[in-house]
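S.K.: Structure provided below as structure tokens; questions to follow.
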């Protein structure tokens with residue numbers, strides 16, 4: 001398949017000069033021999049002469065990371081670019097066709113961008129699409145998702161293909177050895193929503209004592225992986241392309257891809273685990289040394305596993321592949337058995353629905369944290385956030401940020417009461433009370449815009465468990481079907497071992513259960529481990545919907561997922577655009593511990609203000625990924641559909657569409 005885009009014209013308001021860009025994008029991402037990015041320049045005699053090196057330097061300076069990716073053999077791209085001295089005639093006929101070239105020649109548009117110049121928009125922030133888009137933390141995976149849309153697939157096909165891809169490249173976050181959740185909006189104007197729970201399940205013989213002895217990692221921390229069954233069940237109901245068509249590109253990726261900065265940081269951080277495990281060592285080292293950025297990662301064993309799943313997805317649970325999975329786990333001291341796999345089922349659950357101002361809000365129910373986001377939105381609704389922000393900044397304060405943190409605390413206070421609904425008596429009442437307007441009203445009357453409250457005032461009865469990791473994917477198609485998919489192996493590289501036969505990195509999701517101290521006599525926790533139970537999760541994808549407008553948000557980052565979603569909606573409500581809201585300096589407070597965690601780049605005056613109002617502020621280390629948010633905004637403008645897709649740059653992501 002080859003997509004041909006017509007000429008695209010860029011111009012500056014101070015001149016009639018423009019650049020005529022004639023791009024040809026081949027989405028045969030793996031064709032050989034690969035093409036490198038090339039620019040062919042033709043310059044009008046009377047125009048300023050820009051050499052290829054000069055303009056290439058400008059592009060690299062503005063989009064260094066993107067340019068690096070595009071120069072990779074995996075991104076064959078050819079351009080013919082012409083600088084024209086007088087393009088006034090062209091402007092009238094070509095206006096509005098700012099498509100693919102915006103991501104490469106964005107430096108020409110920089111003077112007219114609005115917002116904080118310190119948060120330079122990435123390529124996705126400049127793009128406007130009219131058919132569909134995909135947003136992930138790995139640029140190639142977003143492209144593969146869009147490729148499925150262009151091939152006639154829908155948002156489900158795109159999300160599944162992208163999820164498999166992310167599990168290959170960012171194996172520290174997700175993969176078929178883990179599990180997750182989906183929130184699905186049906187096509188068209190229908191408000192039909194679905195939730196699929198493919199969370200990992202505790203093996204039937206797992207006990208609190210065994211889990212306590214495991215220390216949260218290793219084979220005893222492995223839950224029954226749910227990803228393949230979840231993806232396959234969702235595809236059977238919603239997919240359009242054949243199941244096997246979602247795999248060829250991903251199998252090719254498994255056989256060779258460049259190590260990203262994100263991957264290299266993780267393998268260096270966990271060097272001892274990588275070196276000590278035969279499976280991980282084989283893939284992520286060369287001659288005894290950890291891979292460096294740009295070096296080729298080859299996961300041939302994983303590619304062979306994907307080939308089996310492509311043709312026989314059920315084999316993961318009831319076939320030869322299932323035998324290999326059980327053997328791998330039990331060889332390392334785990335208790336997973338064949339019956340655990342055979343009895344695993346992905347579950348359809350009811351979607352939670354609420355209202356926020358003019359929007360209907362849809363999110364995932366238990367055992368996820370969607371209800372915590374609904375509670376926060378109910379409190380936000382009590383305030384005019386635009387006015388509060390404007391008044392705060394005008395007076396030299398940050399009352400609006402203080403409010404945001406206080407809402408975090410009230411929303412997160414109830415985490416310790418939540419669990420798998422199949423093991424939680426009275427869960428319907430718990431959900432109702434959490435998302436009720438009365439609960440928001442009570443919090444509103446307690447909040448002091450000038451001072452923090454005593455910790456007990458926020459209503460926490462029991463501390464929750466801190467989970468980790470995850471990856472998130474958003475996809476939207478031309479029929480307005482939307483899929484939000486969050487997947488995880490929990491901690492980075494999960495249980496910290498890879499099966500050399502299958503290439504699977506297994507989860508350590510059982511550590512998301514409440515684990516009592518050995519021989520302790522504490523009362524039973526709602527999220528205590530039991531055989532067949534799913535641990536509570538911080539995953540909280542949301543869709544906000546009103547006439548002619550849809551906003552889809554999801555995030556990766558463990559326990560910080562709910563607060564990152566709350567924060568993004570808060571900043572949107574206060575007047576920021578989607579890019580600004582997602583890239584805004586991130587803050588988190590989960591109430592236990594009652595510490596306000598902030599990103600390393602928080603302004604000093606904001607940090608000083610928060611301290612003065614009673615917050616215990618803890619700044620994160622530089623280059624630490626706080627959380628990573630994915631967002632898609634679709635709305636009608638002049639009768640035409642306009643899609644904006646943004647991927648949080650914190651984890652190296654980029655969104656793409658067509």
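Sequential numbering from 1, following the chain as shown.
Using the three backbone atoms N, Cα and C, a Cβ is placed for every residue, glycine included.
From TrEMBL, for reference:
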type	residues	note
BINDING	199, 488, 489, 490, 512, 537, 538, 558	L-glutamate binding site
ACT_SITE	470	active site, nucleophile
S.K.: From the Cα of residue 470 (active site, nucleophile) across to the Cα of residue 538 (L-glutamate binding site), what is the distance in angstrom?
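M.R.: Here the two Cα atoms lie 10 Å apart.
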S.K.: Determine which residues of this chain, when 199, 488, 489, 490, 512, 537, 538, 558 are set aside, have a Cβ within 8 Å of the centroid of the L-glutamate site's Cβ atoms, and list them as they appear in the sequence.
M.R.: 178, 179, 180, 467, 468, 469, 470, 507, 509, 535, 539
S.K.: Counting only residues 6+ apart in the same chain, whose Cβ is under 8 Å from the Cβ of residue 488 (L-glutamate binding site)?
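M.R.: Result: 173, 174, 178, 179, 180, 469, 470, 471, 507, 509, 539, 556.
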S.K.: Where does residue 470 (active site, nucleophile) sit in DSSP terms: helix, strand, or coil?
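M.R.: Note: residue 470 (active site, nucleophile) is coil by DSSP, not helix or strand.
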S.K.: Hey, does DSSP put residue 512 (L-glutamate binding site) in a helix, a strand, or just coil?
M.R.: helix
S.K.: Need one number for the L-glutamate-binding residues 199, 488, 489, 490, 512, 537, 538, 558: the maximum pairwise CA distance in Å, whole number please.
M.R.: 14
S.K.: Cβ distance under 8 Å to residue 199 (L-glutamate binding site), same chain, sequence separation 6 or more: which residues?
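M.R.: 179, 180, 181, 223, 226, 367, 509, 534, 535, 537 - these are the non-local Cβ neighbours of residue 199 (L-glutamate binding site), listed in sequence order.
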S.K.: Around the C-beta of residue 512 (L-glutamate binding site), how many further C-beta atoms are within 10 angstroms, looking at every protein chain?
M.R.: 30
S.K.: Does DSSP put residue 488 (L-glutamate binding site) in a helix, in a strand, or in coil?
M.R.: strand
S.K.: Which of 470, 537 (the recorded positions) has the most other Cβ atoms within 10 Å?
M.R.: 537
S.K.: Quick one: give me the count of other CB atoms within 10 A of the CB of residue 489 (L-glutamate binding site).
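M.R.: For residue 489 (L-glutamate binding site), the count of other Cβ atoms within 10 Å is 34.
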